[in-house]
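Quick look at what TrEMBL annotates:
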type     : residues : note
COMPBIAS : 1-17     : compositional bias 'Gly residues'
REGION   : 1-22     : region 'Disordered'
COMPBIAS : 66-98    : compositional bias 'Low complexity'
REGION   : 66-129   : region 'Disordered'
COMPBIAS : 99-110   : compositional bias 'Pro residues'
COMPBIAS : 111-129  : compositional bias 'Low complexity'
DOMAIN   : 135-211  : domain 'Lipoyl-binding'
Amino acid sequence: MSQGMGQGGMSQDGLHGGLPPAGARPEELLAWIAGYAAELNTGAGPLRRIAITSGATAVEVEWATPEQAAPAPAAGDRAAAADPRAWQPGAPHPNGAAPAPPPAPPPAGPPAAQQAAPNGDTPAGPVPDAAAEDAVVISAPMVGTFYRAPEPGAPPYVEVGDMVEPGQQIGIIEAMKLMNPILAEQAGRVGEILVGDGTPVEYGQPLIVLRPGDTQ
């Protein structure tokens, strides 16, 4: 039996009491190899390779160096680590810092106009500025369903352009099976109808715009 190269390519003949006896059993041969490897590890350099030949049988074991064992970073990884501009919000920072949350979307602006009623009776327009337009807005005094007419198929209480008097009924809000009349508090001309017939409304939602100054 012959031994191969150990640390730095130097021959290790004579270590561990020389060669194992000829005709050694497999377990004896394995024990000799283990002791031989332990002696090699006590040398000046790291154990890289062992080659053992016994008759027609040859065994060779080689260990990679630390430089060979550690994979080199890919070119893209090196570029991302070197250039912080490659870092995306929400991803791990190349310097190991905690990921920053992505920027919040800008708040949505107020709706330009209320949606039209499903039956399309009255197109809805933007909510008017009562102070700027010298207008009076009649708002819903409760939550419920707004009806423009006293019953299905009947003419609506008011249309755009109609003159109304104080106390005149301009619609109905149904709440908990009760029909609640909606009355104008002052005289004026109907400038806009903001809610369609049969539309659910919230408390304080604008229903109709009156223009008190337009009484001609």
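The chain as shown is numbered from 1 upward.
Cβ coordinates are placed from backbone N, Cα and C, and glycine is handled just like the others.
What you see is a predicted model, and the numbers here were worked out from it, not measured in a lab.
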Whole-number mean of pLDDT values that fall within the domain 'Lipoyl-binding' (135-211): 94
DSSP-derived helix, strand and coil totals, residue by residue, for the domain 'Lipoyl-binding' (135-211): 0 helix, 38 strand, 39 coil
